[in-house]
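Listed in TrEMBL:
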type	residues	note
ACT_SITE	Lys40	active site, proton acceptor
MOD_RES	Lys40	N6-(pyridoxal phosphate)lysine
BINDING	Arg138, Met320	substrate binding site
DOMAIN	251-378	domain 'Alanine racemase C-terminal'
ACT_SITE	Tyr272	active site, proton acceptor
COMPBIAS	379-393	compositional bias 'Basic and acidic residues'
REGION	379-422	region 'Disordered'
COMPBIAS	410-422	compositional bias 'Gly residues'
Amino acid sequence: MQTSAGPRARAEVDLAALRGNVRALRSRMGAGTALMAVVKSDAYGHGMLPVARAARAAGAAWLGTATPHEALALRAAGIGGRVMCWLWTPGDPWRAGIEADLDMSVSGRWALREVTAAAREAGRPARIQLKADTGLGRNGCQPADWPELVGAALAARDAGLVEVTGLWSHFACADEPGHPSIAGQLDLFHEMLAYAEKEGVEPEVRHIANSAATLTLPESHFDLARAGIALYGLSPSPEIGVPADFGLRPVMTLSASVALVKRVPAGHGVSYGHQYVTPEETTLGLIPLGYADGIPRHASDRGPVLVGGVRRRVAGRVAMDQFVVDLGGDTPEPGESAVLFGPGDRGEPTAEDWARAADTIAYEIVTRIGARVPRVHVNESRAGDENERRAGDENESCAGYENERAESGQSGGSGQRGQGAD
Ligand SMILES: *Cc1c(COP(=O)(O)O)cnc(C)c1O
């Protein structure tokens, strides 16, 4: 694609690929299931606002964030429609959340107390969603405490302080298909839903699926599926497949300009600690990205990089701002593009390759790319989206279910490979 990375480095974010991923995900869901695009943590490092707008344009009816501050930032940027956030801490801005029409998760009594107090002050009811801990053991309400939380939420509803818009939960091991906890969590979710509904809760949405469950477990879809990593074109785990297996295309391409090329003799130590020593006379390329930019130091001596059409490896330690690759005698011009990862179909490594090199998951590779790396959003306009043109969908806001059906009929889970206008 680009021949030069431009100044220093950039993370190119292909919004046509992102929209294609939204359509690929929706094509796997029934007409009764809406999609929540999870845009927390700056959209997993991809830039929250452009990603949120693109996801909406492709038919994500809901947006999801972790913190209320992230959700309020969406509103401050003028993004409408349903927005849910789930990671609340005592003292957080509940009243602002009410006034911004957020759907706010409640996992325990302290949160219900704070949100009802805020609703009294605001003079209007809060939209809350009760979260059940069906086995993740992280946030959410334990089954033993569920009757008390449900009872208190119903009392608050009857007092006009809250609307219970949702009941929801989160999987622990959805990325390991067949893991016994998956069926166990689904069973418990059904039980906790049945209890709340018997008591009189009438949730608009019930949801438990993340990306892995959206891709592999249709019985977990309920009314809403919350997709994060798949939206960004990455597989939740190599165990369930590669992105292309699901019609997904990686959205981020991280590249840098080679800062220096030089010839060095055999036996020359490279970077701090001389962990790498040149085995013979060779050329070295300096790549101006380091762990401050999110390049994992754990990938020292291992991370793959495409320079001049050839795969190279990090030579020696990744430093704060830079690392070195052994160019094996090649002499690319300084300023030539070094591609750390991208979709993988132009010979470049993928975020999954870096995850393997650094002993982590692809989520962490893209999410931790630092603020010093500019995000360059390309294909912002939908003109290049062939599927949408054929579907004749002119609706820029969150699509209605009619559009969702029309589009999923067209997209069919395949043929999602980058219809970008480049
Ligand atoms: C981050 C997150 C998701 C998205 O998970 P992916 O595996 O990226 O799809 C969904 N739900 C909750 C509660 C989350 O925190």
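Cβ coordinates are placed from backbone N, Cα and C, and glycine is handled just like the others.
Here the features listed in TrEMBL are painted onto the structure.
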{"residue": "Lys40", "record": "active site, proton acceptor", "Cβ contacts under 8 Å, 6 or more apart": "Gly64, Thr65, Ala66, Thr67, Glu70, Gly228"}
{"residue": "Arg138", "record": "substrate binding site", "Cβ contacts under 8 Å, 6 or more apart": "His170"}
{"residue": "Tyr272", "record": "active site, proton acceptor", "Cβ contacts under 8 Å, 6 or more apart": "Gly316, Arg317, Ala319"}
{"residue": "Met320", "record": "substrate binding site", "Cβ contacts under 8 Å, 6 or more apart": "Gly290, Tyr291, Ala292"}
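Across the domain 'Alanine racemase C-terminal' (251-378), mean pLDDT in this model comes to 98. Under the three-state DSSP scheme, Lys40 (active site, proton acceptor) falls in the helix class. Met320 (substrate binding site) falls within neither a helix nor a strand when secondary structure is assigned with DSSP, and so counts as coil.
In this structure, Arg138 (substrate binding site) belongs to neither helix nor strand by DSSP; it is coil. Look at the domain 'Alanine racemase C-terminal' (251-378): DSSP puts its residues at 22 helix, 45 strand, 61 coil.
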